[in-house]
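Engineer: Dropping the structure in here first, questions after.
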Amino acid sequence: MAQHNAFYAQSGGVTAVINASACGVIEACRRHDDRIGKVYAGHNGIIGALTEDLIDVSQESDEAIAALRHTPAGAFGSCRYKLKDIETHRTQYERLIEVFRAHDIRYFFYNGGGDSADTCLKVSQLSEKMGYPLTAIHVPKTVDNDLPITDNSPGFGSVAKYIATSTLEASLDIASMCATSTKVFVLEVMGRHAGWIAAAGALAGQGEGDPPHLVIFPEIDFDRAAVMARVEESVKKCGYCVIVVSEGARYEDGTFLADSGNTDAFGHRQLGGVAPTLAGMIKQDLGYKYHWAVADYLQRAARHLASKTDVDQAYAVGEKAVELALDGQNAKMPAIKRISDEPYAWTVEAAPLADVANREKFMPRDFIREDGFGITEQCRRYLAPLIQGEDFPPFENGLPKVAKLAKHRVERKLPEFKL
């Protein structure tokens with residue numbers, strides 16, 4: 001069969017395992033070199049396609065590509081750049097098709113979250129209208145775990161493991177010092193609309209009274225009086241209180257506790273730090289000495305503590321994306337399907353992008369305790385397998401060894417395009 005080229009791009013916030021998906025895509029393409037010629041990657045995501053800034057991944061060694069599996073962040077560069085509505089910004093989509101046509105790219109693998117799924121779907125639709133034979137596959141990725149259809153999202157399991165571990169270790173620290181020093185510790189985690197990462201912090205507690213004593217979810221309206229009462233109860237009973245709070249914690253009217261008033265490139269509200277906001281409330285209302293921390297980029301970059309389950313799944317969806325494309329399944333996403341909890345078993349199936357794009361999966365109410373401050377056993381059964389297993393990177397000079405890519409650029413064939 002005729003050879004055609006493939007294009008891969010990373011989108012949005014990166015994770016500890018998105019490069020494992022890249023590894024899965026690239027290695028699968030190399031195994032099918034009778035049908036796929038060169039593999040190009042967009043420098044800084046979809047912007048690389050629009051500006052024709054392409055990296056020739058085919059020139060990277062097998063060893064360098066294999067090292068992507070244990071390298072965090074986005075090896076080819078990512079971006080927060082959302083292609084707008086196709087009717088009013090058609091030129092951007094047409095530009096993508098022009099670049100793909102110029103470089104004989106027939107396979108488009110877009111690795112990202114919900115917004116990326118929407119872009120992938122639109123590109124697929126426009127290429128069909130323009131008569132260009134393009135197969136577009138979305139490769140799932142998001143630490144927020146809010147993609148629908150898939151049982152869980154690659155990237156989440158490793159963040160969950162990091163947050164659960166950090167909560168456990170910080171709790172021991174606070175417990176050691178609470179008699180004469182800090183009484184309250186607040187850990188802020190990612191999760192704008194969905195509280196999956198905050199929920200993972202609850203895995204640190206194995207029995208009644210174990211920290212974290214409060215988990216604050218975006219799905220539960222923030223009640224200041226109720227929160228303060230629970231904090232005070234915990235300090236009186238245990239001597240200290242550990243709180244895991246989602247960055248998206250909000251009041252009943254939908255206002256974020258830490259709304260900065262700004263928006264990002266995707267139109268999402270930018271949040272200004274719920275941990276110091278909540279800690280300040282506790283100091284004002286109860287007078288307790290506190291410390292707070294924001295996990296921020298650390299939680300999604302911690303490849304040294306990645307979940308093996310997450311690494312395996314991230315690689316598998318990348319690999320499956322290529323299989324779907326070669327099978328002619330256009331506008332699809334490889335989705336993880338859970339077969340059983342104990343023993344944990346899973347597989348990867350194809351999901352229509354139309355069912356994924358611009359939809360969010362929130363914490364079910366029966367995953368959150370009735371009082372709103374913790375997780376249920378049902379939630380624990382769901383989360384526990386996702387943090388299982390260790391997949392340590394190789395170390396050199398005491399530090400993790402990461403992939404070093406040559407990133408040879410492809411010669412441009414088209415006129416310059418202004419974003």
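Using N, Cα and C of the backbone, Cβ positions are placed for all residues, glycine too.
For reference, Swiss-Prot lists these features for the protein:
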ACT_SITE  Asp144  active site, proton acceptor
BINDING   Gly13  diphosphate binding site
BINDING   Thr142, Val143, Asp144, Met190, Gly191, Arg192, Glu247, Tyr297, Leu298, Gln299, Arg300  substrate binding site
SITE      Asp115  site 'Important for catalytic activity and substrate specificity'
SITE      Lys141  site 'Important for catalytic activity'
Engineer: Counting Cβ atoms within 10 Å across all protein chains shown, which of the recorded positions Lys141, Arg300 comes out on top?
Structural biologist: Lys141
Engineer: Restricting to the recorded positions Gly13, Asp115, Lys141, which ones have a CA within 10 Å of the CA of Gly191 (substrate binding site)?
Structural biologist: none
Engineer: For the residue listed as 'active site, proton acceptor' and Arg300 (substrate binding site), determine the Cα separation and express it in whole Å.
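Structural biologist: Rounded to a whole number, the Cα-Cα distance is 10 Å.
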Engineer: Here's one to test understanding: among the recorded positions Gly13, Asp115, Lys141, whose C-alpha is closest in space to the C-alpha of Arg300 (substrate binding site)?
Structural biologist: Gly13
Engineer: Measure from the Cβ of the residue listed as 'diphosphate binding site' and count the other Cβ atoms within 10 Å, all protein chains considered.
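Structural biologist: Excluding its own Cβ, the number within 10 Å is 20.
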Engineer: Rounded to an integer, what is the Cα-Cα distance in Å between Glu247 (substrate binding site) and Asp115 (site 'Important for catalytic activity and substrate specificity')?
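Structural biologist: Glu247 (substrate binding site) to Asp115 (site 'Important for catalytic activity and substrate specificity'), Cα-Cα distance: 20 Å.
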Engineer: For Asp115 (site 'Important for catalytic activity and substrate specificity'), what is the secondary structure by DSSP, using just helix, strand and coil?
Structural biologist: helix
Engineer: Going by C-alpha distance, which of the recorded positions Gly13, Asp115, Lys141 is nearest to Leu298 (substrate binding site)?
Structural biologist: Gly13
Engineer: DSSP secondary structure for Leu298 (substrate binding site), reduced to helix/strand/coil, please.
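Structural biologist: Leu298 (substrate binding site) sits in a helix per DSSP.
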Engineer: At the Cα level, what's the spacing in Å between Asp115 (site 'Important for catalytic activity and substrate specificity') and the residue listed as 'diphosphate binding site', rounded?
Structural biologist: 11
Engineer: Relative to the Cβ position of Thr142 (substrate binding site), how many further Cβ atoms are located within 10 Å?
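Structural biologist: Taking all protein chains shown, Thr142 (substrate binding site) has 30 Cβ neighbours within 10 Å.
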